[in-house]
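J.: What follows is a single structure, and I will ask about it in a moment.
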Protein chains: 4
Amino acid sequence: MSHNTFGHLFRVTTWGESHGPALGCVVDGCPPGLHLTEEDVQVWLDRRKPGGSRFVTQRREPDAVRILSGVFEDDRTGGQVTTGTPISMMIENMDQRSKDYGDIAVQFRPGHADYAYFAKYGVRDYRGGGRSSARETAARVAAGAVARKILAGVTIRAALVQIGPHRIDPARWDWDLTETNPFWCPDPEMVPVWEAYLDGVRKAGSSVGAVVEVVAEGVPAGWGAPIYGKLDSELAGALMSINAVKGVEIGAGFAAAALTGEENADEMAPGNDGPVFSSNNAGGVLGGISTGQPVVARLALKPTSSILTPRHSVDEAGHAVDIRTKGRHDPCVGLRAAPVAEAMMACVLADAFLRHRGQTGGGAFHPGATPERA
Amino acid sequence: MSHNTFGHLFRVTTWGESHGPALGCVVDGCPPGLHLTEEDVQVWLDRRKPGGSRFVTQRREPDAVRILSGVFEDDRTGGQVTTGTPISMMIENMDQRSKDYGDIAVQFRPGHADYAYFAKYGVRDYRGGGRSSARETAARVAAGAVARKILAGVTIRAALVQIGPHRIDPARWDWDLTETNPFWCPDPEMVPVWEAYLDGVRKAGSSVGAVVEVVAEGVPAGWGAPIYGKLDSELAGALMSINAVKGVEIGAGFAAAALTGEENADEMAPGNDGPVFSSNNAGGVLGGISTGQPVVARLALKPTSSILTPRHSVDEAGHAVDIRTKGRHDPCVGLRAAPVAEAMMACVLADAFLRHRGQTGGGAFHPGATPERA
Amino acid sequence: MSHNTFGHLFRVTTWGESHGPALGCVVDGCPPGLHLTEEDVQVWLDRRKPGGSRFVTQRREPDAVRILSGVFEDDRTGGQVTTGTPISMMIENMDQRSKDYGDIAVQFRPGHADYAYFAKYGVRDYRGGGRSSARETAARVAAGAVARKILAGVTIRAALVQIGPHRIDPARWDWDLTETNPFWCPDPEMVPVWEAYLDGVRKAGSSVGAVVEVVAEGVPAGWGAPIYGKLDSELAGALMSINAVKGVEIGAGFAAAALTGEENADEMAPGNDGPVFSSNNAGGVLGGISTGQPVVARLALKPTSSILTPRHSVDEAGHAVDIRTKGRHDPCVGLRAAPVAEAMMACVLADAFLRHRGQTGGGAFHPGATPERA
Amino acid sequence: MSHNTFGHLFRVTTWGESHGPALGCVVDGCPPGLHLTEEDVQVWLDRRKPGGSRFVTQRREPDAVRILSGVFEDDRTGGQVTTGTPISMMIENMDQRSKDYGDIAVQFRPGHADYAYFAKYGVRDYRGGGRSSARETAARVAAGAVARKILAGVTIRAALVQIGPHRIDPARWDWDLTETNPFWCPDPEMVPVWEAYLDGVRKAGSSVGAVVEVVAEGVPAGWGAPIYGKLDSELAGALMSINAVKGVEIGAGFAAAALTGEENADEMAPGNDGPVFSSNNAGGVLGGISTGQPVVARLALKPTSSILTPRHSVDEAGHAVDIRTKGRHDPCVGLRAAPVAEAMMACVLADAFLRHRGQTGGGAFHPGATPERA
């Protein structure tokens, strides 16, 4: 993770501002021979793009991706495949509504990156948040689509588990439901609650936070590299880099602080393909290495700072101002975070897989099995 | 963050196992000319070392550090200073109690890294947890001592804010108190509560989790490098890499999910040295860049897996076993995590400072001031 | 240097194949506030682009660059400046002559990357050399144009000093001359010699190698970071990464092997701004750190493998074939290497400067001056 | 390659000064399960250590290595093996002859890193060259010993091919001979020439440069990662980082500049395990990827700057001084460079192998064979 690049063997570099001509990413280190077309990427971008319901920004972006390099259609292989060279993907910005940025150009929205970018760089592209805009996350989703190609056998899904003060009941979890409501909600009883609540937030010109849970099933044991490349450490860094995220937890997470050792220990029994665990407080990671259980992470998103109620602030000249944000915006940025969290999970896992394969050959040692070394 | 190294310009590589001859670190990229002696490092190691109270492991380690390179005593400069070359520090292991590791050698403790290391590597140093032991954190603390030398004007302190189900009241926060009790507790009313609670846990041979808060005051605006080198992202990765940590949050953290945009916005007013903020829900970081407010992070630690009550598990041969941990151990590993959290905060900030200075010259732009460029 | 990215604080990622839709680069870590327009980049690309004389490939590419991110036109600053965010630049491929790649698609040209890419990846974009084409160097030149903006006061120039067996005489060196002949030749007496020689090579459908010298003047003392980030080590890696380069030397280079210590020592005398050196066998670098003298490197390029005379080879099916390359090609790829060598020198120096500023504050200590620390 | 660390998956960090208490390295990313003892490392260190003949420095160092971490003696595996965790190795400095450093402490030897370190850092450990001493290369050799464990089937050897003006004749090359003379000379007719020549240099208190050739046989096709992680680019950076090296070339190297395309093309014929090449001008690398041929590199070393004849220089106060170096030193540092060059070749190849295995699974595609993907 350094500036605008993350990953080690599977590396993603993103670029672009909200109101510039385009944004995109370069995915480097992808294995060769994977089937990859623009459609394979587009399907994931379509899940992220705004404009789908009244609960997200009304900015209309087709978010059509172009793959500019790193793939090749070879008649003999029967389809377009990755070549092992960098995959450059570009998404043009289409709906940069022309308007006067006068106030935003010189004022700092409280709770927004405006001031921090100014303090660091002295110059900032204030149009639509510039580089700090959530539009950057489209590039992550495109990279995640490539990562998924590497992760055969791994299923990565995200759901919202809390909006404002309203939490779902995990006992009612239904993954299929997340695809049928605009909230990525897995709890049927929470859908109408969130709908009513968010309508109120939206009409008040207010905003509210959320918690997203992202789960990767089918991850074999052995991925992740202690001590400073721990799988959970990489995940924490990757998820915290998503706009508006203020907290990340793995497995039991903060709740683990209140558990005893007896409660927290995920007991093991012999199994055919590694141990069978009685619970998953670890969230699929022990000592920074995957255990074969589902990898479970949650991320907390703050409410967006773009609200109608005026807030006290300052401008570039150092004067006190009152600021309120007009125009389209998201009442709950968490609604668009689920596909992004999935993409970051996919990128981190793909990188962990390749690194594990590099160091060890890629297998796992199972209790009772004869160890084989690559 | 990659394997056993973290940082970009200020880079720390740690090595060593719990029961090997020694452990240590190499700190690379340190600026030259900083006064640094072994005593400067030892003072921080002494805060971390076990054996200080009945609530931590009774392993007795002097944890005496030796600086093997990277410093030079020049008569003309009047003291030992860093030279800009790598600083190698070593701590010998003295109290590796000789014992029969028979069971531990082939069994996997539930909730411990035992199984994960076996699955990944096929071979593991099972003595005292090997590389996954919390002894590795001594090397982090040594590195943190160097980082603090770079951070003139920055004060970094940590406290425990929760042990098991018992949380402190932030309204009673007293930093001085943290130095006078074995719990790093800042709340006078919570000290006796925790003491009684932990005595019970200890006598039961059980363990419990905790939450640590670490705060850096005096960090100027402008540190941190979006998008994937965000200050909060780097912190999340660094803190999550500490043994037993299962969650990290910045500022309001998970509580931000339940806030509205109006509540969450830290309003700004004109100030002499950057804006004055009305609150610090952001935890000192916006858009991944420091704002000049205190940088505030919290980390949740799970209970240690070393408990007396037998748990079901498996052994290397794939057989079911019952396992219980005898011998010295920590009822709450959180008690030793505060100095480690401080050290990681220090390392991340020192690295962020050097990178910021590299890209921009090191200053910050303040509203109303004439921008100066380096 | 890793896969398709190089640099540490000033980082360049390139992408694109010879006959894909486009190629480009992402430049990350650039300081903010530098004036940068597409024209600033285009002027350097125009120096590199083919089609300028009968001695280079007749492929006609406008090589028009678009800057897609990382710059901002702020009315108040009076011009377009860098913002500190990643600068994405794209060059569309226009002149991919449609043709039948039948033979090239399945045969490996001796001395070409064809076979190596196949052996590694199993699939390769064979059109025009794909990723291994010299077209990739356009992206390096674009990045170098940004690097030059950072290097105020540094002049970077390259010249050819040898083509085939014909070497220039350094005593006749004239930098101005390099701009007035198609060979980047600094020696007036060698221009007609090379012209006649290359006409013969070209008409024979043959090719020949060359040596390029690149010199950076105005580099202050103190840049470069021992031991594995030595300035000369970084330069060697960067220059060796250019297509067709088989050797790199600094200062006296291979000739130093035949020198005595007395001959090789660049003596020093007191000067106003650091020592005055009697010679520059070191090529401006001692111990991996710049000395204030001009940084001098030379790179040897092999002849291109695209020649008319048939050569024995194999095809993908493992059969023996005879192969000869028809169509446009370069009789001496060295003719196009000078601007690329300059660009790589610029990128390495810009990165070294930013890293030096990060670790030390950016200054240099001069004998006799009172040391000042940043 | 960054500061004191090099490599990507197989990463080496070195530390230590010439006259400090010790020096060493941390090798990270090593595969688990490789047999590794201190003796395995010592054998290579013994080849490098000074004191072996009258042609190298008379400093007497046992260079006894201790392995402090990363290996484990497991009764069940029948020997000490790597565990996948960082391998810390330390060599104590024993023979730091106590003496008055008065002049060296404040004067800069021409052609030495003295001045450059001062200019960069303002402070330097002047004792024995401090960090810039060739003693650092012992750590490289230790790391190389680990790298060789990974490279089963690969043979890495180095020889001197030139000392001063005297070059060997490749037609007389005898690898066995290199082990029987103090010059690593493969040419029986050159041994007496070099002996007489170096005796003269030594008696005159002078010094002279050399050229070393290092060859790796048994490297399969497919290693190396274009564009900026090319195998030859990595080698160039690694070899140029060795003390006193001023030039690096691969295969035909600088001589390739004078070749025609017809001469340079290494023709291919069908073979059982990849093509059979008619020559090896490429030095085993095409497009930055190994071809299956021997990887051949040469490095030019300058003469050491420690000579008896006085040279003009300056001191820290900026005054003109005359400087001559008394005491033990090497008349030709190239004599000790062969084992170091071998070690760097080994480290670069081990890293390339692990990265190749990470991205692709580790195999190679051979013409005529059915491609298998990992």
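Every residue, even glycine, has its Cβ placed from backbone N, Cα and C.
Predicted automatically and left uncurated, TrEMBL annotations should be read as such.
This is the feature table in TrEMBL:
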- B:Arg48, B:Arg54: NADP(+) binding site (BINDING)
- B:Arg131, B:Ser132, B:Ser133, B:Asn243, B:Ala244, B:Gly287, B:Lys302, B:Pro303, B:Thr304, B:Ser305, B:Ser306, B:Arg328: FMN binding site (BINDING)
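Quick one: how deep are these features, and who are their neighbours?
T.: Sequence-distant neighbours of B:Arg48 (NADP(+) binding site) (same chain, 6+ apart, CB under 8 A from its CB) are B:Asp63, B:Thr137, B:Ala138, B:Val141, B:Arg336, B:Pro339, B:Val340.
Around B:Arg131 (FMN binding site), the C-beta neighbours below 8 angstroms that are at least 6 residues distant in the chain are B:Gly16, B:Glu17, B:Ser18, B:Tyr117, B:Asp125.
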J.: Please report the DSSP secondary structure of B:Ala244 (FMN binding site), reduced to three states.
T.: coil
J.: If we count other C-beta atoms within 10 Å, could you say which of the binding-site residues B:Arg54, B:Lys302 has the fewest?
T.: B:Arg54
J.: Looking only at B:Ser133, B:Thr304, the binding-site residues on record, which one has the least crowded Cβ, with the fewest other Cβ atoms within 10 Å?
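T.: With the binding-site residues B:Ser133, B:Thr304, fewest surrounding Cβ atoms within 10 Å: B:Ser133.
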J.: Please give me the CB contact count at 10 A for B:Ser306 (FMN binding site), counting all chains in the structure.
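T.: Step by step: centre on the Cβ of B:Ser306 (FMN binding site), count other Cβ atoms within 10 Å, giving 23.
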J.: Tell me which residues of the chain lie with their Cβ under 8 angstroms from that of B:Ala244 (FMN binding site), as long as they are six or more apart in sequence?
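T.: Once residues fewer than 6 apart are set aside, B:Ala244 (FMN binding site) is near B:Ala134, B:Gly209, B:Leu301, B:Lys302, B:Thr304, B:Val333, B:Gly334, B:Ala337.
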J.: Which of the binding-site residues B:Arg48, B:Arg131, B:Ser133 have a Cβ less than 8 Å from any Cβ in chain D?
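T.: Out of B:Arg48, B:Arg131, B:Ser133, B:Arg131 lie under 8 Å of chain D.
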J.: Is there any among the binding-site residues B:Arg48, B:Arg54, B:Arg131, B:Ser133, B:Lys302, B:Thr304 whose Cβ is under 8 Å from chain A, and which ones, in sequence order?
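T.: Cβ contacts with A, in sequence order: B:Arg131, B:Lys302, B:Thr304.
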J.: Between the Cα atoms of B:Ser306 (FMN binding site) and B:Arg54 (NADP(+) binding site), what distance do you get, rounded to the nearest Å?
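T.: Cα-Cα distance, B:Ser306 (FMN binding site) to B:Arg54 (NADP(+) binding site): 16 Å.
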